[in-house]
Amino acid sequence: MKSTRPFHPTPVITIDGPTASGKGTVAALLAAHLGFHLLDSGALYRLAALASVRYGIAAEDIDALVKLIDDLHITFREGCAQLDGVDVSNDIRAEAVGNRASAIAVHGPVRSALVARQRAFRKTPGLVADGRDMGTVIFPDAVLKVFLTASAEARAARRHKQLMQKGFSANIDDLLRDLRERDARDSNRAAAPLKPAADARLLDTSALSVDEAVDQVLQWYRALGQPA
């Protein structure tokens, strides 16, 4: 399938997919290979939440939250999320931060500010954007849209391995149940349900290594006439 989208001077590749589909790792390696900027949209919400706690801004103070989001100094580099130049990748995974992210994201102006920040990551020479609605909502004109899939069993096994490597105990059956429940919620929600864009390339990573998945995306990108 050849893209009919016009060439954009600052190309974007979107990598969407469900939890533990490998999109974060694939996006980071792809960005490093191409020398592109990287956006981890899920981490962006958590970074805003963490900053709001650190600066003492209440979850109900919409005006202060919007200003905070506009002023945040955020970078994603080599798989790390940085706030004000400090790696906070572990801090943003805390349950309390996740709860705060959910609490602030219910406000329309806050969501709009976060969408604007995501789009501001589009800078030369290009961007790889990882998330759930990158190709459908945030960057509908992306030169290449990829939707990663994998069986729930494969994703649960990956998440279990990740947690064990980080020193956390985890039950794979519980992880599998949680993933299936989250998939159902994400696919059926009214606002920006998790689904591939109509013109997205589907890539099942169940039996693929990370390198194989990255190579496939690079092949698609080259086929569009883009240097890779």
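Placed from the backbone N, Cα and C atoms, the Cβ positions cover glycine too.
As recorded in Swiss-Prot:
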- Gly17, Pro18, Thr19, Ala20, Ser21, Gly22, Lys23, Gly24, Thr25: ATP binding site (BINDING)
Cβ-Cβ neighbours of Thr25 (ATP binding site) (radius 10 Å):
18
Fewest other C-beta atoms within 10 angstroms of its own C-beta: which of the binding-site residues Thr19, Ser21 fits that?
Thr19
Work out the three-state DSSP category of Thr25 (ATP binding site).
helix
Enumerate same-chain residues with a sequence separation of six or more from Gly17 (ATP binding site) and a Cβ-Cβ distance below 8 A; give 'none' if the list is empty.
Lys23, Arg132, Phe147, Leu148, Thr149, Ala150
Cβ neighbours of Lys23 (ATP binding site) where a neighbour is any other Cβ within 10 Å:
27
